[in-house]
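Novice: Below, the features straight out of TrEMBL:
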- B:81-292: domain 'LUD' (DOMAIN)
- B:316-383: domain '4Fe-4S ferredoxin-type' (DOMAIN)
- B:398-463: domain 'Lactate utilization protein B C-terminal' (DOMAIN)
- B:445-466: region 'Disordered' (REGION)
- B:456-466: compositional bias 'Basic and acidic residues' (COMPBIAS)
Amino acid sequence: MSARDEVLARVRRAKVSGSGSGAAAPVPREYRAAGTRGPGDLELFAERLRDYRAEVRVVDADEVPTAVAAALRERGARHIVTAPGIPPEWTAGWAAEQARAASAAERAAAEQVAAAAAEQAAPQVGEQVAAAAHEQAARGAERAAARSGTAELSDPIGRIESRVPLGGDAREALREMLEAADAVVTGCHVAVAETGTIVLDHDAADQGPRALTLVPDYHLVVVRAGQVVAGVPDAVAALAGVRTQTWISGPSATSDIELERVEGVHGPRTLEVVIVRDTQ
Amino acid sequence: MTTFLGMPAGGGNLTGEPFPQAAREALGNAQLRRNLAKATGTIRAKRANVVGELPDWAQLRAAGAAIKDDVLANLDEYLLRFEEALTSRGTHVHWARDAEEANRIVTDLVRATGTREVIKVKSMATVEIGLNEALADIGVHAVETDLAELIVQLGKDKSSHILVPAIHRNRSEIRDIFRREMPGVDPGLTDDPRALAEAARRHLRHKFMTVDVAISGANFGVAETGSLVVVESEGNGRMCLTLPRTLISVVGIEKLVPRWQDLEVFLQLLPRSSTGERMNPYTSVWTGPTEGQTSHVVLVDNGRTATLADPDGRAALRCIRCSACLNSCPVYERTGGHAYGSTYPGPIGAVLSPQLTGVDRNPTLPFASSLCGVCYDVCPVAIDIPSMLVHLRERVVSAKRATPESTAMRALAWAMSDARRWRRLVRLGKFGRLASRHVPLPGWSTARDLPQPPKETFRDWWESSR
């Protein structure tokens with residue numbers, strides 16, 4: 001007999017031997033069920049998130065780009081990754097800031113190089129070389145200026161597709177990319193006010209594959225008011241049929257040393273949430 | 001091996017030395033008792049807070065118990081449904097009668113990948129079956145990635161708690177273990193929990209990025225959808241479940257819930273009961289292999305069907321491994337988990353371990369309790385552990401041949417079953433005043449004095465004073 005058949009046979013034998021087997025009593029579901037508590041309370045949601053020491057910003061819809069930019073700026077993020085399907089405007093503010101900063105930095109660097117070259121060259125080789133260095137510096141600054149604000153600038157935002165082929169070099173490349181990223185930006189599927197929980201659907205384009213939100217040390221999630229539900233049953237109902245999920249409640253944490261909570265072990269050490277109010 | 005109705009028993013890490021002996025050693029360790037008192041005291045307060053927040057806790061608890069009873073009453077059907085849902089999505093399903101078979105299945109799968117190393121998500125089932133030892137036998141190193149499991153592994157120690165296996169260690173002991181055993185660790189490492197967690201992060205980061213085979217358990221398996229659920233805090237579970245190419249999940253057959261909807265109950269009961277949080281930091285759900293992974297599920301019996309066969313004991317299989325009963329138990333708080341000798345310590349271990357192995361291989365555990373009942377009060381799936389302990393004590397006693405104690409008890413039953421006989425015998429008790437000074441009663445008189453029978457019986461006094 002195969003192990004499968006034997007285990008099943010044992011289960012059936014156990015059922016026969018035990019009195020009251022077969023039909024168990026119907027499950028009493030007298031707890032607060034899905035859909036009975038109205039929409040999630042945004043203030044409670046924010047409070048519960050802060051309880052886990054997550055960073056929270058509550059903004060209007062038109063403030064999202066500014067809020068995301070401010071969050072990433074304060075974090076000092078230089079290279080971010082995002083889920084492929086997030087609305088481009090979420091990161092547009094930050095991208096513009098980066099571009100301005102990059103061109104300014106490039107211009108300043110070029111001028112510095114030119115000045116240094118002129119200083120060094122002048123006494124030794126004479127006016128000619130110094131003039132050439134100045135010219136070069138000027139061209140560098142012009143190039144930088146021309147590139148600023150255009151798509152030509154090397155994109156600091158990597159978008160990770162949701163179907164990443166595993167195996168071989170692609171996998172290595174993905175890991176390297178994620179490890180190099182300072183921050184990840186995604187949306188979410190549903191959020192629970194009572195527990196301060198955010199749930200990602202990894203088949204959704206604006207939430208991305210699982211590794212995306214796991215490897216970078218900082219995770220920024222944009223949650224729309226309409227996605228916030230009151231309790232766990234509401235979230236479970238909203239997640240029926242969603243194949244791959246991650247429920248996130250605050251940053252990674254452990255209580256393994258004397259049962260004292262420490263934030264930040266293997267997952268992102270900082271979780272930041274931008275809650276978008278309904279505009280109506 | 002006698003188990004209930006001759007059902008085959010489970011093997012693996014479920015037995016140790018008799019509880020009274022092991023407990024005596026543990027009680028002599030003052031450091032251990034301090035560590036345990038501090039940790040369990042902290043967690044009890046946290047649990048009470050977050051449980052008190054929910055106005056419908058009692059209703060959730062009733063639903064949790066009923067859902068698990070439904071699973072147990074119809075386990076064969078739910079197992080088949082689960083298997084069907086898993087295989088239809090491309091997950092490979094394996095069945096194991098006992099620990100040995102489960103280990104053979106997993107080691108064969110690991111061997112086929114050619115890896116020398118696997119990363120592990122904390123899993124009670126794999127500790128129960130002794131998987132790490134089985135992997136070591138084929139030359140494969142299992143890297144525990146949960147912080148507490150890592151502390152236990154590096155300290156060449158044993159788990160003493162379901163949720164926090166290193167609960168018996170305090171911060172400076174952990175620092176010493178890390179300094180001694182963690183390759184490349186900063187020799188100036190302090191005992192600040194933050195610094196210790198950071199050291200573990202650095203140590204494991206490279207493993208997560210390079211090891212290609214992971215082994216997990218599961219907190220829940222949804223029969224209806226074939227979804228597996230892992231509930232965790234640190235993110236090590238997510239790392240293991242996501243990055244490796246091969247994922248092997250070892251799941252006890254009682255871990256099922258019938259419907260997706262049922263998680264709305266358990267995802268409220270479990271985090272509040274275990275870590276005392278409204279929600280644990282991470283819960284991963286996966287339904288079929290994800291992102292190109294190869295996924296295996298090993299369904300393990302190992303004594304669970306023997307437990308199922310006892311109608312008065314089967315409710316122990318409702319257990320969702322939250323550890324609230326351990327944290328609340330006055331016995332556990334003083335002896336710690338090692339004294340129970342099993343992967344499952346504390347009150348739940350005292351009812352589960354003897355049923356998984358058969359009471360003959362764990363005859364002392366049902367007695368490792370004062371029957372105070374706090375374990376039942378805090379259990380999120382309402383397992384009546386005290387009644388079950390009494391039931392198992394009866395099974396232990398009836399399985400044994402006559403002992404001086406059982407002979408004495410039988411004699412007492414005979415004496416007390418007739419009022420006149422009893423009255424006459426009690427009068428004779430006076431003579432016990434002499435006997436009690438001279439007759440040692442091992443086991444009874446080591447920790448307490450044998451009471452002196454009074455000079456006059458109550459009945460005699462009553463009659464004479466009326």
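Placed from the backbone N, Cα and C atoms, the Cβ positions cover glycine too.
Because TrEMBL annotations are produced automatically, they should be read as predictions rather than curated entries.
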Novice: Using DSSP, what's the helix, strand and coil tally for the domain '4Fe-4S ferredoxin-type' (B:316-383)?
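Specialist: Summed by class, the stretch gives 40 helix, 0 strand, 28 coil.
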Novice: Per DSSP, what is the residue tally for the region 'Disordered' (B:445-466) in helix, strand and coil?
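Specialist: Residue counts for the region 'Disordered' (B:445-466) by secondary structure: 8 helix, 0 strand, 14 coil.
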Novice: Determine the mean pLDDT over the domain 'Lactate utilization protein B C-terminal' (B:398-463), rounding to the nearest whole number.
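Specialist: Mean pLDDT for the domain 'Lactate utilization protein B C-terminal' (B:398-463): 78.
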